[in-house]
Number of protein chains: 2
Amino acid sequence: MTDFAATKAMFDLPNGTIYLDGNSLGPLPRAAAERVSGMMTHEWGQMLITGWNKAGWMGLPTGLGDRIGRLIGAEPGTIVTGDTLSIKVYQAVASALELCPDRKVVLSDNGNFPSDLYMVDGLLRSLGSEYELRVVAPEDVAENITKDVAVLMLTEVDYRSGRIHDMKALTEQAHANGTITVWDLAHSAGAIPVELSSCKADFAVGCSYKYLNGGPGAPAFIYVAPRHADRVRPALSGWLGHEAPFTFDLDYRPGQGIERMRVGTPPIIQMTALSAAMDIWDMANIKDVRAKSIELTELFISGVEATCPNLKLASPRDPAQRGSQVSFRFADGYAAIQALIARGVIGDFRAPDIMRFGFTPLYIDEQDVNGAVDILADIMTNRLWDAPEYKVRQRVT
Amino acid sequence: MTDFAATKAMFDLPNGTIYLDGNSLGPLPRAAAERVSGMMTHEWGQMLITGWNKAGWMGLPTGLGDRIGRLIGAEPGTIVTGDTLSIKVYQAVASALELCPDRKVVLSDNGNFPSDLYMVDGLLRSLGSEYELRVVAPEDVAENITKDVAVLMLTEVDYRSGRIHDMKALTEQAHANGTITVWDLAHSAGAIPVELSSCKADFAVGCSYKYLNGGPGAPAFIYVAPRHADRVRPALSGWLGHEAPFTFDLDYRPGQGIERMRVGTPPIIQMTALSAAMDIWDMANIKDVRAKSIELTELFISGVEATCPNLKLASPRDPAQRGSQVSFRFADGYAAIQALIARGVIGDFRAPDIMRFGFTPLYIDEQDVNGAVDILADIMTNRLWDAPEYKVRQRVT
């Protein structure tokens, strides 16, 4: 059994804060700052350029990939980290389209994270006007996997509601139809068990700054099924994906397997922080995390529904259909989230009216959930959100 | 006048090392580890998700862009940092092609860094078979700017020889021909004065881990001339380049000006390290850096030529034609570089036979250059490179 008191002790959480936004940015692993400082001082500072070999920097993208892979049911050697999730979406969909040259449609849903849609829109514009991004409602995805669909691109866990797509069933249906799948695991990796290999997923992508706790702007990752890895030619063909980057050939030759999904020089400082975060994941079993996450979300829903009748559950009520977050609809949700933050309960707001709370068993426990419910009940019962200072939306620039 | 003793004191250089590879990876700014550790502990650790606004993370990509812009003659608000250089090359060339829809040729030279060619090759493959990447010898670029050339993509300073392209003349010629320019400043930014604005450059890209000293995997940057910035539609259309990222619209609308060249979530830890590095640049005048760099490279060339007759200068002899590096050809250059590193002089090797040395006045002085010449002379005169341990090439994996 995972010792959640032990994992909680590995994080540096501010006093007086109940942090229910680890689904957006995970908190600081206690060891991360020292790890990074040591890497900077002893590796960058002392080894200088030789750190790429001596300190193993060049192997970090695949080394971290394997560590993430353990949480999402991927075979060793099938994941590489680097870039941002948007870039990895682009790589995955471009590669998937090359496997289906006779079809021109990418199917997704309107619960997908917008950046995934934007990136594919940009990709398809460059490929030509015969390509189409078809966006349907999440519940209509299955019936829209038609013979013209080259690629099914879905985010497994909806970023607003937490609704889980059935990866196994949809992948099977896609394959029966000759469609390639691209799964975005942004809200899955570290939140719920994922079985990429046994689901026969084709491509998957995700980020490491949410449930994995890699820090702001931590690198993304991409998975390519072994059966495709040596066939695809990456759209973003950078030198570190070349078969022999340091021969500096003028012609591109893709590297072996997943190595070809590397692009440019990897962000070693960010990867060092992520490495400290993954050490905590080595203490955890993802099935235990899922069981505990369901306990916490059930406790939160029942507590909120008992005390805050104005909040309407926006997440699936069945925990099997729900990721590790709970969302409620409230017309003044923005102000309510600001009022919560002022009281030390950090959740977030997603337009137009979603109050979103993430439950991350590595460092959130029942006491935190009960505390958050009490504060939210006080804010709602006494309309504490109805104050001018909570209504002015800060522009994020 | 720039006080180079003062700038040198700002770096943490290992004892007994003469570091002539700052053109590949700049050394550790003395303040960087503490700056990053502080950001991680006080911002990430304490502010958590609110750091994006409270700590100003969201503004780092353009804030750092402006600081870099000061060194390369760019107007404020024309540069954004993020991603890797390969990704920014892709963005720039894709955007440039959209400004010349009737032409299908990208012209470059075979002295360009291979990744730039690989990325454009990948881009053009996706655009269709009517597109062509035309690669000529560096000295033949001018005569090949023909009426079918949409985009001229050049690295200003050759990564192997240090040869400088004439940005002003080639840009003028390109514009007279209706061709858009993309300049890669990887070996220019922080090495030589660049005047993007007065040269009327269209696009420029670069990295920050070489002369700018941002650390391994530090973010890249992209410049878009103000006359184009609101016209181009970025090929990599990520959410942070959207006009209003946090409204989570399903449709992409490009942001204002250079903001649209942002893609995904920026690497804040790397950017914090870069920020410490840019503080040192605030102490320097790039013209002083250039003058001192010429003194150092002249001193090195004359010293090596006087003592090492087997080494053939591979860089332009005229310092006005040469960047801040000096390269020599030697058939056993790989072994000779290993022998140098074993003696504490760090340069690097570029296939097939280039021994490359970077001269970075912020932390390299005459004494370092004389010391490096003495050691190199000893190694060459006494054939110290001719030892088995220096000939086994380490595989970089």
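All positions are counted from 1 along the displayed chain.
Each Cβ is built from the backbone N, Cα and C atoms, and glycine gets one as well.
When TrEMBL records B:Leu85, B:Ser86, B:Phe113, B:Pro114, B:Ser115, B:Asp116, B:Thr155, B:Asp184, B:His187, B:Tyr209, B:Thr265 as binding pyridoxal 5'-phosphate, the matching candidate from B:Trp44, B:Trp239 it lists for that site is B:Trp239.
Spacing of B:His187 (pyridoxal 5'-phosphate binding site) relative to B:Lys210 (N6-(pyridoxal phosphate)lysine) is 7 Å (Cα to Cα, whole number).
In this structure, the C-alpha atom of B:Thr155 (pyridoxal 5'-phosphate binding site) lies 14 angstrom from that of B:Lys210 (N6-(pyridoxal phosphate)lysine). B:Lys210 (N6-(pyridoxal phosphate)lysine) sits 12 Å from B:Leu85 (pyridoxal 5'-phosphate binding site), taking the CA atoms of both as reference points. Checking the recorded positions B:Leu85, B:Thr155, B:His187, B:Lys210 against chain A with a Cβ-Cβ cut-off under 8 Å leaves B:Leu85, in sequence order.
Of all the binding-site residues listed (B:Phe113, B:Trp239), B:Trp239 sits in the most crowded Cβ setting, with the most other Cβ atoms within 10 Å. Every protein chain considered, the tally of other Cβ atoms within 10 Å of the Cβ of B:His187 (pyridoxal 5'-phosphate binding site) stands at 27.
Around the Cβ of B:Ser115 (pyridoxal 5'-phosphate binding site), a 10 Å sphere holds 26 further Cβ atoms from the protein chains shown. Counting only residues at least six positions away in the same chain, the Cβ atoms of B:Ser115, B:Asp184, B:Ala186, B:Val205, B:Gly206, B:Cys207, B:Ala220 sit under 8 Å from the Cβ of B:Leu85 (pyridoxal 5'-phosphate binding site). In the structure shown, across all protein chains, B:Lys210 is the one of the recorded positions B:Thr155, B:Lys210 with the greatest number of other Cβ atoms within 10 Å.
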